[in-house]
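Single-structure report; data block below.
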Amino acid sequence: MENRWQLMIVWQVDRMRINTWKSLVKYHMYVSKKAKGWSYRHHFQSRHPRVSSEVHIPLEEVKLVITTYWGLHPGEREWHLGQGVSIEWRQGKYRTQIDPGLADQLIHIYYFDCFSESAIRKAILGHRISPRCNYQAGHNKVGSLQYLALTALIAPEKTKPPLPSVQKLVEDRWNKPQETRGHRGSHTMNGH
């Protein structure tokens with residue numbers, strides 16, 4: 001019988017970012033209690049040798065599973081020492097992978113208080129609205145002018161420590177495109 005390969009999208013992440021993610025998840029599960037219903041699985045609770053941890057986030061009948069890996073092949077940079085993250089959507093036997101932005105939006109919708117586009121209409125009609133958004137990572141696009149006015153009126157509180165963001169976890173801070181400096185500021189262009 002031939003080997004059967006499965007392809008997974010694994011985001012390369014440095015070790016310190018994964019450690020920060022794990023700490024934030026545990027803090028908000030056990031101390032602040034903002035991550036109610038989440039479950040954390042340690043590496044020794046998994047049968048797969050490369051799984052470092054799993055965070056199971058229930059969304060009604062669906063489950064979001066964020067898995068961190070170690071011992072993968074080294075990445076293209078020396079700080080990518082074989083660490084990675086996958087984000088999976090599970091519903092019964094159906095499984096698919098989703099991107100970090102969508103994961104943050106789903107977590108935001110199900111777990112954290114927020115005033116959204118419906119709040120604009122409620123505010124105009126004079127109804128009482130939720131005063132602020134607790135999970136800013138869930139807003140990945142610029143809102144309407146009314147929404148921006150509401151956010152300017154009611155500034156979001158900074159939570160210490162911040163809520164765990166999947167997008168922040170997989171963000172690539174080293175491979176951002178280099179900005180070229182002007183002729184005067186570039187040493188290589190001047191030949192000095």
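From the backbone N, Cα and C atoms, a Cβ is placed for every residue, glycine too.
Per Swiss-Prot, the features are:
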- THR96: phosphothreonine (MOD_RES)
- SER144: phosphoserine (MOD_RES)
- SER165: phosphoserine (MOD_RES)
- THR188: phosphothreonine (MOD_RES)
- 54-72: region 'Interaction with host APOBEC3F and APOBEC3G' (REGION)
- 75-114: region 'RNA-binding' (REGION)
- 144-153: motif 'BC-box-like motif' (MOTIF)
Could you break down the residues of the region 'Interaction with host APOBEC3F and APOBEC3G' (54-72) into DSSP helix, strand and coil, giving a count for each?
0 helix, 14 strand, 5 coil
Euclidean distance between Cα atoms of THR96 (phosphothreonine) and SER165 (phosphoserine), Å:
20
Across the region 'RNA-binding' (75-114), what does the pLDDT come to on average, as a whole number?
81
For THR96 (phosphothreonine), what is the secondary structure state per DSSP, taken as helix, strand or coil?
strand
